[in-house]
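Visitor: Input: one structure, supplied below.
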Amino acid sequence: MDIEKYSERVRGFLQSAQTYALAEGHQQFTPEHVLKVLLDDDQGMAASLIERAGGNAREAKVGTAAALAKLPKVTGGNGSVYLSQPLAKVFTAAEDAAKKAGDSFVTVERLLLALAIESSAATASILSKAGVTPTKLNQVINEIRKGRTADSANAEQGFDSLKKYARDLTAEAREGKLDPVIGRDDEIRRTIQVLSRRTKNNPVLIGEPGVGKTAIAEGLALRIVNGDVPESLKDKRLMALDMGALIAGAKFRGEFEERLKAVLNEVRSEGGEIILFIDEMHTLVGAGKADGAMDASNLLKPALARGELHCVGATTLDEYRKHVEKDAALARRFQPVMVEEPTVEDTISILRGLKEKYEQHHKVRISDSALVAAAALSNRYITDRFLPDKAIDLMDEAASRLRMQVDSKPEELDELDRRVIQLKIEREALKKETDVSSKDRLAKLELDLSSLEEEAAALTARWQAEKQKLGQAADLKKQLDEARNELQIAQRKGEFQRAGELAYGVIPNLEKELAEAESQDGASANPMVQEVVTPDNIAHIVSRWTGIPVDKMLEGERDKLLRMEDELAKWVVGQGDAVQAVSRAVRRSRAGLQDPNRPIGSFIFLGPTGVGKTELTKALARFLFDDETALMRIDMSEYMEKHSVARLIGAPPGYVGYEEGGALTESVRRRPYQVVLFDEIEKAHPDVFNVLLQVLDDGRLTDGQGRTVDFKNTMIIMTSNLGAEYLTALGENEDSDAVRDQVMEVVRAAFRPEFLNRVDEIILFHRLRRSEMGAIVDIQLERLRKLLSDRKITLELEDDARVFLADRGYDPAYGARPLKRAIQKYVQDPLAEKVLQGEFPDGSVIKVVAGSDRLNFKRGAGANKEAA
């Protein structure tokens, strides 16, 4: 026996078999050891050969295990095994068979054939009992080989390579494993048209990710199976090439090329009966390329040019431009077929076609209105992905969430069960008590417990019954789907008797049973289990994905929106017009009456410093999100240079920071529903506003990397001090129309008409009146109280102290900011000293009263001692 005459895989198997014999304590290395290792192989080549030869691989495995169990075992041996006589004869038989077939190396299939032929080996009888004859096995080997010989140590990789490195889409279509393909007739027809050409008959499907390129290939496979193709494509096989499997494990140089050549040779030998589908076609360019080696695309070019290889490619627009178009020789061998994103109406049709498969998988029903909502909401709110993929994902996740709810215990039952457990614990505690009152309580508790247990048992039974009904409907759907598949197979095979039984007997009966089961599901007036996916479920998933509140408003939220002015007025004093304008925009948006192609609202807040422009924006973020941090604040004083616009939308290609994206665009991409504040806009360079034109008009902006960012769910607020001198000069009771005209003149001089024309409303903030200062004092002190609440210190302000602070903090030219300084000077600073001196320990109540030129702090009721 010359080990060099054996292929790499056979050598590996023999090594494994020898190791196994040693581990088991067998003294002899027998054919049974070799057969066991061959049958245990992950890739299952030997098992596959046995099955194809009409044998039973499982039976062969059992027989081998039984034979090995009979072999004598030796313990404490010298750690070596001896080659048995039968195995030596098997090796000789394998070498003879290889020589006879013209092979340079003994391969796995020749070794298996020798194990079946050599009568002195126990493996011959094992394989014979499993139903394998040497003649049939030899026949199968010749079918796989197709006249090719093993002339390299890795020869096995070249045999039956399509089965290893490709999926048969037509076989999957025949078995009903592919999802139905709805619409896309034009693209499939165009693909068939290109495939039917004499030369350059290789279409490449080009489109955005998620528009259904792979689905078109599956649609072609379904058409081939149904015979709905021209004569030139009838009975062809569509095989999807798996580039990952081709590359994986190719350790040595030339191994990848050898595998790919084997695939191409097999396709060529079929005489045009195989169409190769290469998904993610751009992976061909550069695949397997190493120093001096050819990549996959160069290996394909000659076969494509000669028309020996029928190929359908699929890739995205970006990848096609980046990889395939650069290689002009490869690009010209393919004929592009553009796959456009379907419309919302087409997407609804696609979802209706897929609905049954998803209902069957999740075991819930999906309403038609949910499909319409999935298409419409995904189109409107999920802007960075494409239809129909995003709509299908929405439907899938909504059904998955509902299934989880069905499998979980209903809330009312869960509460009952917890109450029962609580009462049982109380009962055990009361049993230990001997007094009369405890015994009375125990008797009452026993009554409560028994009634609760009865209620829980009834609810559990009802829940289980509803779940069971749902399960029955799902099982019927599965049976119906299998029957329809069987009908199609019977029609294709010409088994008309079976087809008639299915079409006029089995299928109508199943449909009737399913209709009855579904009508019973909906019969309950108040079901515990929701079994239908509704538009609300879809809206909830959209809200989870994007953070945009799409789902149905609860009663509490409606009331909150109707009282929005009152809520905002708690934080912003004296600016009724501004509060109303902002509130109207939010209500319009949440009621669904907002223009879907523009931001929720865009406002310019004009007014002197310190009157509440930025404060109103913060209050709005707090109202909408219960969180001030949901505010994207951009200080325009940082954008005084022309080039600084790159910081907003991201640096262009070739500049430092290109990969990082822009401050504005990245924030809105991650959180599409937020308030964007451009503070002090008059300080920015005028060219910065050119970027905002399409945001204000179309609700979108293209960032430095060419991605479109959606601003349709943002509220854009810009603040400015322009014309503040006119507003400051305005008296308390003067007419503001003339002042407004003066302010607008200044604004028009500072900003271009096309910018101002796109803003929804320009709102003037009035200077603060003395009468409004008391309310602002309360707002500012509320913040101080929150800081003190950590130390359980309560701050109580007398009316005279409030007036004192309002007087000291009022300055018409500077708004409310001097009040902050007054509170800091007269309240925070002296209070900080007293707290540090220990005058007001934790838990104190501090009363603040006005003095002549300062505020006095006194320990209030509830304190341990008096302090002046």
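Keep in mind that glycine also has a Cβ here, set from the backbone N, Cα and C atoms.
Pasting the feature list from Swiss-Prot:
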DOMAIN    3-147  domain 'Clp R'
REGION    6-71  region 'Repeat 1'
REGION    83-147  region 'Repeat 2'
REGION    160-341  region 'NBD1'
REGION    342-547  region 'Linker'
COILED    392-526  coiled coil
REGION    557-767  region 'NBD2'
BINDING   Gly607, Pro608, Thr609, Gly610, Val611, Gly612, Lys613, Thr614  ATP 2 binding site
REGION    768-868  region 'C-terminal'
Visitor: I'm a bit unsure how to read this: which one of 83-147, 160-341, 342-547, 557-767 has the highest number of Cβ pairs shorter than 8 Å with the region 'Repeat 1' (6-71)?
Guide: 83-147
Visitor: Return the average pLDDT for the region 'C-terminal' (768-868) as a whole number.
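Guide: Residues in the region 'C-terminal' (768-868) carry a mean pLDDT of 76 in this prediction.
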Visitor: Other residues near the ATP 2 site, CB within 8 A of the CB centroid of Gly607, Pro608, Thr609, Gly610, Val611, Gly612, Lys613, Thr614?
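Guide: Filtered neighbour residues, in order: Phe605, Glu615, Thr719, Asn721, Phe765, Gly815, Ala816.
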Visitor: Is it possible to get the count of other C-beta atoms within 10 angstroms of the C-beta of Lys613 (ATP 2 binding site)?
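Guide: Result for Lys613 (ATP 2 binding site): 28 neighbouring Cβ atoms inside 10 Å.
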Visitor: Write out how many residues of the domain 'Clp R' (3-147) are helix, how many strand and how many coil, based on DSSP.
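Guide: When I sort the residues of the domain 'Clp R' (3-147) into the three classes, I find 98 helix, 8 strand, 39 coil.
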Visitor: Counting every protein chain present, what is the number of Cβ atoms, excluding its own, within 10 Å of the Cβ of Pro608 (ATP 2 binding site)?
Guide: 23
Visitor: Counting only residues 6+ away in sequence within the same chain, which have a CB under 8 Å from the CB of Thr614 (ATP 2 binding site)?
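Guide: Same-chain residues close to Thr614 (ATP 2 binding site) (Cβ under 8 Å, separated by 6 or more) are Leu677, Asp679, Thr719.
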Visitor: Mind telling me which of the binding-site residues Gly607, Thr609, Gly610, Val611, Gly612 has the densest Cβ neighbourhood, counting other Cβ atoms within 10 Å?
Guide: Val611
Visitor: For the region 'C-terminal' (768-868), what are the DSSP-based totals of helix, strand and coil residues?
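Guide: Its residues divide into 52 helix, 17 strand, 32 coil.
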Visitor: Under a three-state reduction of DSSP output, how is Lys613 (ATP 2 binding site) classified: helix, strand, or coil?
Guide: helix
